[in-house]
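Enquirer: There's a structure below that I have some questions on.
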């Protein structure tokens, strides 16, 4: 049935000349040009174009008007894909309509027939479609903000971030598939107004409870330290500070009124459904993620670990605690699920823990120690202050001399000894004059014995040693020569060497011996009264050169014989 076309005034807002399906668009819409005589410009242009070309251009402009608005470009990528699918479906319908219009034009039908739809109804339907598209853009922006908030809350834990991303991707794919399934059944629905269907909103109390549960469950991930030292050193105050700074705590601290003020439009309920899916995570996996890295042992457990390897105890670090050392057996207890007697083996070594705990600690054996006070005092004391047998200290006052291993006395001490000041302690003293005979005859100290050669001194002192009648008194030997620099010290060392060889260590015949400092040359000028004759004859006297030569030869020959004899004795001992 054909309806006669309605003529519109030139200044009206709508033109019904060339509109498909009765949908009219207002003139005040931006981005779409209207002519003075219709939808696409002047009547001259409409007359020059064929009806099929005019219809194709009209449908193309109608499809582009709703798909490329500035607000649509701000929307998400998925929404653009949906609008692209709609435009493609519209273009498909345009092609089909163009083919039908060509057939109708061939049959003599006019495509400029008026639409049966009322112009006001068409304008209202068009405005509703535009408003629905703007609401879709706003809701998608809110969804993007919610996903960004969830990613920031899960930023402290990579595991939580992966779980949240995977769940969000699954839910988004499900929504996308449902939308495509709903929009695919028929192509005739493209002319209907696209109205965004709001999701069913659950009660507000359930969303608040879900947010609180989500915040408490994710608290373990956000507060988990990144390393074991941070975990051990983290205090209660530090944990409170981290909780206050976390975005999850800030979001959960909002009051119900503040949350009600925020227009969630049901998208928080989607997040609640994702949280319910997290309940399917096994308890063991949740413990692995949220449990502390280091386990603290109780005192009872530390006491139970008693059996350790001795080698590990010996070579372990001193700062390492004993509880860290591995036990001898890898498994302290036998498995209870094996009751077959064939599989059970007898332990080769080791005692039960109860018997080992009852054992008393063994007494440690220390190094033996001598309790002899005298020997300890002798060994601990300085040997240089004791006489040869280490039994007593030196009686006479000593002075520093040329040889540090020998004891020197001054001429004044010699005079005190000659005058008998030490008679109560000294039973007998012997003054050994080591000079040559012509020197001794020229002048010597009273009661001195001339022993120029070592064999003579050995025969006189060691073949028939002098022994004290009273054990509390001492026997003292005093050696000197012209200067007490060479012959006197050499004779003193010789007598000590022979005395050591003749007695068991540390016993000696003559443990106390001295050297007269300065010799006879220094003693005679100071105390000539204790010399007889009171004269001094030097060793290199011109009248006694031959005697000096002879005694030197004897001394050297005897020294050579002694060295040869000692060498032969050493060879025989080997």
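Each residue, glycine too, has its Cβ placed from N, Cα and C.
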Enquirer: When you get a sec, could you say which of 6-26, 69-89, 90-110 is annotated region 'Disordered' by Swiss-Prot?
Expert: 90-110
Enquirer: Quick one: which of 297-317, 318-338, 339-359, 360-380 does Swiss-Prot have down as region 'Disordered'?
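Expert: It is 339-359 that Swiss-Prot annotates as region 'Disordered'.
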Enquirer: If you check Swiss-Prot for phosphoserine, which of 42, 410 comes up?
Expert: 42
Enquirer: Once near-sequence residues are set aside, which residues in the chain of residue 481 (active site), 6 or more away, have Cβ atoms under 8 Å from its Cβ?
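Expert: Set apart from residue 481 (active site) by at least 6 residues yet with Cβ under 8 Å, we have 433, 434, 435, 487, 488, 519, 520.
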Enquirer: Determine how many residues of the domain 'Rhodanese' (425-532) DSSP places in helix, in strand and in coil.
Expert: 43 helix, 27 strand, 38 coil
